[in-house]
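Input: a single structure, listed below in C-alpha cells.
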2 protein chains.
Amino acid sequence: MRVKEFVVGLFPILTWIKTYDTQMAIGDIIAGITIALTLIPQSIAYASLSGFAPQYGLYSSFIGPIIYAFIGTCAQINMGPAAILSLLTFSYTNGTNIDFAILLTFFSGVVQLVAGIGQLGFLVEFISLPVVSGFTSAAAILIATSQVKDLLGLRFSSDSFLTTWYQFFVHLPEARLYDSLLSLGCCCFLFAMKSLKDLKIKINTQDESGRRKAKRVKKTLWFISIARNATCVALATVFAYLVYEDIENPFLLTGDIPPGLPAVIPPPFETTVGNTTYSTGQMISHLGSGIIVLPLVALLGNIAVVKVFSQGKKIDATQEIIAIGVCNLVSSFFQSMVVNGPFSRSAVSQASGVRTPGSGIYTGILVILTLLLLTPYFYFIPKAVLASVIVCAVVQMVDVAIVKKLWRYSRLDLFTLFGTLLLSLCVGMEVGLIAGVGIDALLLLYYHSRPPLDVLYVDNGILPAHYAIYPVGGLYFAGAEWLRNKLIAVQHPPTTTTDGVESQPTAPTTKILVIYCDALHRFDYTFLDSIRMLVSDWSKTGRVIWCDTREPIKNQLKGVLTNPIFCEKSQLRAHMVPSTES
Amino acid sequence: MRVKEFVVGLFPILTWIKTYDTQMAIGDIIAGITIALTLIPQSIAYASLSGFAPQYGLYSSFIGPIIYAFIGTCAQINMGPAAILSLLTFSYTNGTNIDFAILLTFFSGVVQLVAGIGQLGFLVEFISLPVVSGFTSAAAILIATSQVKDLLGLRFSSDSFLTTWYQFFVHLPEARLYDSLLSLGCCCFLFAMKSLKDLKIKINTQDESGRRKAKRVKKTLWFISIARNATCVALATVFAYLVYEDIENPFLLTGDIPPGLPAVIPPPFETTVGNTTYSTGQMISHLGSGIIVLPLVALLGNIAVVKVFSQGKKIDATQEIIAIGVCNLVSSFFQSMVVNGPFSRSAVSQASGVRTPGSGIYTGILVILTLLLLTPYFYFIPKAVLASVIVCAVVQMVDVAIVKKLWRYSRLDLFTLFGTLLLSLCVGMEVGLIAGVGIDALLLLYYHSRPPLDVLYVDNGILPAHYAIYPVGGLYFAGAEWLRNKLIAVQHPPTTTTDGVESQPTAPTTKILVIYCDALHRFDYTFLDSIRMLVSDWSKTGRVIWCDTREPIKNQLKGVLTNPIFCEKSQLRAHMVPSTES
C-alpha cells in the first residue's frame, strides 16, 4: 500500500488519468494547440536571446511538456524556454558554445532534483515579493535592452546594461531602414492584437442566439489575440520571402535551421571553443554560480505559478521541484536549454481551458511536427520580428503597480525592490537576487533593532506601582541597545542642566520592574547577555519579576541570572512586596 | 546657554576638570604610568605586526591618549595601537610602505567622524556577540600565526592562514636556536608573571598591620604582573646587549630606531613604492574596503569597552565615535597607524584605579619621553621577545567559553560564531565580519519562516466554536508559507487514501476564524499579499474576524482586503453570528 502511494505520488498522472474523459481531452487539446502557437515562435526568439541557433529553442520545447504530463501536478504549467532563463543562459554562456548551455541544463536538473529530494524547497520562501518583482522587472528591462539592436538591425557586441545603451546610440546612424520599419510594424501589430481580446463588442445579447453569438465572437477574438505571435512571425516570414527576390537582402534573416529532431546524446562534458578545449572541470568553473542561480530562478518561477493556480488547495512543492528537475535532466539529453513553466504561458493555458498536465503531450507533438516539417520555412524569419516578439512579451513583465502598493502599505519594502532592481541591472542578475534577500534580512534586523516595546509606569491601584514591559515575539541582539536606553531613561530620567546645577528628577521612583513574557518566544545570546547586565544593574536597588514565562525562555534566563524571580500573573502581588530575606 | 551645553558636550574635560583634585590626580598618574609600561612594549611589537618600523608604534601612542583626555568620555579607554587593528593594517598595506598606513589612519578618522556626526553609531548594534567573538578569536589566531616565524627566527613571506602554516613546516629546519630559546624563555616568563597577580599569599591577616601588609604585597605582585611586558623586553634587551659582543649575532634584533618625535606633517596623499608612484586615487583604491573596515572595527572595540565600564549609566555613543575619529584624524598628522582603545589596556587602566580620561596625558608624556630618551637602547630589542609579547597578549583573546554558553542557551548562534570564525580565518577578516552579520540576518529570516503561531480550535462555550490565531510581533514574508500550510491543514484536514477511496474528514467544520491582533505590530508586503489570498479563499465559505487590531495594521488590511471585519474583543460575539445580508 505504501509503495503504491509512493508511486502515485511520483506520477500524479496515475491520479487524474483514471477520470480522464472526452470533455477533459478536448480542453487539453485546445490548450495544447494554443500553447504551441505561443511556444513555437517564443522558443525560436528565446534561442536567439540566449545567443544560440533557433533550433535549440525548439529542441527545448517538446520533451519538457511531455515529461511534465506524467510527473507534474499543475495543469497550467507549460515547460519550455523562458525569457529570464534565456537571458541568464546568455550571461553565463556568452562567448562559448551550445555545449555549455546544455551542460547548464543538465546541472540545473541535478541541482533541482537534489533540492527536491533534500526538501530544500523552503529556501524559496526566503525570497520576498519585492525581490521577485525587482528581479523580474530588471530582467525585462535587460531583455528589452538586448533586443533593441535587433529591432533596428544594428550589429555590435556589448556586455552590460549601460554599455549596450551607449553602443546603441553610437551605432544608431547605422540602423537598417527595412528592419526598423518591419520591427515597428510587428510591434504595432502585436500590441493591437493583444488588445483585441479586451475589445468591447456591440451585439444584441437580449436573446439566446445573440448571447451565443457574442460569446463565439469573443472567443474568436481571444484566440486571434493569443495566436498573435505565430501570426506575426508567419506573416513577416511570408513577406520576407516575397520581397527576398524583389529587393536584394532587405532584412537580416534567421538562416538555415537543420530539419528533424535532435540526436539523443548524453550532455557534453567536454567541448572545444575555437582552439580551446574545455574539460568538465573547466566548463563547470566557467558556468560558475549559474549552476545554482539558474535552477533556483527556474524553480522560483514555477512555484509562483503553482501557488497562483492552486486555488487554496495544498500544493506538493517537493513533487513540483522534482518534476522540474527531471524535466531539465532529461531535456539535457535532447540538447535543450534550461526550461521551466513561465507565468505568461500558464495564463494562456488557463484561459484556454486546460484540465490536466496532459495538455503538454499535445503541445509536445506539435513542436515535434514543426521540427520535422516546418524548419525549411524558418530560413526566412526576419530577426527583427523575433526581437519584436520578445520585446512585446517582456514589456508587460515590468511591474510598475507594485511601487504604488509598497508606498502605501509597506514603505520599507521599497528599499528591497529598488535595491534588487538596480543591482540586477547594473551589477548582475545573480548579484541582484542575492542582494535582495540580503536587503530583506538587513531590514528585518533593522526592524528588530527598534522592537515594539515600551517601559510603562503602572500605578492603577490594583497592584503596587511598578514599571512594566510587554515584549512580543523574539528579542534579538539588534534590539538590545533599544531596551537598554529605555530602561536607563527610566532609571536616570533626563535632567535639565541649568548653569551647571542639575535639577532633581521628578519621575516616579518605584524599583519594581515586571516583564510580562506570555508573548515572548525567544532570546538570542547577545540579547540574553545584555539582559544579564541590565537585570543585575536594576537588581542592585530594585527587583525584576518575570511573569508568565514560557519554559524555554525560563531556562535561558536561569542560565544567566542569579535567582531570577518567576511567577504567574495571579501571584504577582505576593512577589512584588519584598520578603524579609531579599 | 545652548552654545555652552554644546561646547561642554564636545569637550567632556570641562565637566570633570571642575572637580579634579589631588586624589583623582594620583589615581590618574598611577594608571597613566602603568598603562605606559604596557603600551610602550606593545606599541613596538604591534608596529612589527603591521610590518612597519618600531618607531611608528610609538608615534601612534602619544597623541591619541592626550587628545582623548580632552574629548573622551570613558576614563578607562587608552588610545593607541591594537592587535586586531595592526593585523588589519598589515593585510591592507602589505607590500607597500608606511604612507599607506598613515593615509589609512586619516581616512579612518574621517569615516569615524562622519559616522559620529551622521549618528550612524547604531550600525554597530547590528553586530552580535557571536560575530564579535568569532571575529576576535580569528584575529587572535591569525596574529599568533603571523608571529610563529619570529618566535623561531624563521624568515619567509606568506599571505594567508593556511600558507603560513604550510611555509612554517617547510622552513622549520631553518629555525634559529638562540631565538627559539629566547622566545621560549620569554613566553614562560610572561605566563608566570601573568599568573603572579592571582597568587594566594599566606600572611597572617588577623590584625590590622597584617592585613595592610597583605594588601601591600598583593598590590606589589599585581604591579609586577602588569609591568611584565616592559620587564620582559627590558631584560631580554639587556641580555641581547650583553651577549652581542660575546657570540656573533645570536638574535635577530630590532635595529636602528630614529630618535625624537615624529615630524608634524599632513598625511601623505602621494607616495612611491619601489619604482611605482601612487596617486591619491590609486592609494585609496589599494586600501579598498580597509577604509570602511578599519574604522568600523576600531569603533566596535571602543563601544564595547565603553559599555562594559559604563556601569548602567547612559553612554554618549555619538561623542565617543567623534572622539575616536578626531584622535585618528589628528594622529595621521603625527605619522600614526590607526588607533583605538582596546579592552586589554582598559582593564589594566581600571585595575590601576583610573579616575578620568586625564590619565592619558600622563601616558602620552611618558611615551614622548621614551621617544626622546630611550630609542638608542631599542636597537637591541630581540624580535623574538616582541613576538612573545604579542603571542602572550593575543592568546587570551581566543574565546572558548562562549561555545559552551551558546550550546546551552542559544544553539542557532553557533552558526554565526563558527561561520564568522572560519570565514575570517580562511577568506579574510573583513569577509568574516560582514558574513557574520549576514548569517545573523539569515538566521533571523529562518526563525521568522517558522513564526510561533498556531491555528487553534476554540469551543469553550463562551463564544461560538471558531478557529483562533494569536500572532505576535511582526509577520514577515518568510513565515507566509508556514501560516498558509497551517490554514490549509485546518480547511482540508489530511485524509487517508484507502485504495483510492478518500475517507471523510472528521475535524470540526466551523468557518469562523478569529485573528487576535493585539500583539501584532507589522506586516510586510509579501505577507500582506498572502493574507489577501488566504482570506479571500477562507471568506468564500466562512468569515475572518480581525480582533483588537492596531491602527497601522488596520490600514494595511483595509488596503488589500475587501470589507475586512474589525472588532474589539467585547463585540466578538456579535460579529461571529453572520448578519442577514452577508
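We number each residue from 1, going along the chain as drawn.
Note: Cβ is positioned from N, Cα and C throughout, glycine not excepted.
In TrEMBL, annotation is done automatically, which means it is predicted and not curated.
Worth saying up front: this structure is predicted, and the values here are computed from it rather than measured.
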Requested in this report: Scan A:126-145, A:466-485 against TrEMBL and say which stretch is down as transmembrane segment.
Outcome: A:126-145
**Report entry** Feature transmembrane segment in TrEMBL, mapped to one of the ranges A:359-379, A:380-400
**Finding:** A:359-379
Query raised in the report: Where among A:66-88, A:100-120, A:221-244, A:321-339 do we find the most Cβ pairs under 8 Å to the transmembrane segment (A:414-447)?
Result: A:66-88
Query raised in the report: Excluding the flanking five residues on each side, which residues at least 6 beyond the ends of the transmembrane segment (A:25-46) place their CB within less than 8 Å of a CB in that stretch?
Result: 54, 57-58, 60-61, 65, 78, 80-83, 86, 223, 226-227, 229-230, 232-233, 254, 337, 344-345, 348-349, 352-356, 358-363, 365-367, 370, 378, 381, 386-387, 389-390, 393
Query raised in the report: Does the transmembrane segment (A:126-145) reach the transmembrane segment (A:66-88) with at least 3 CB pairs under 8 A, where each pair is 6 or more residues apart?
Result: yes
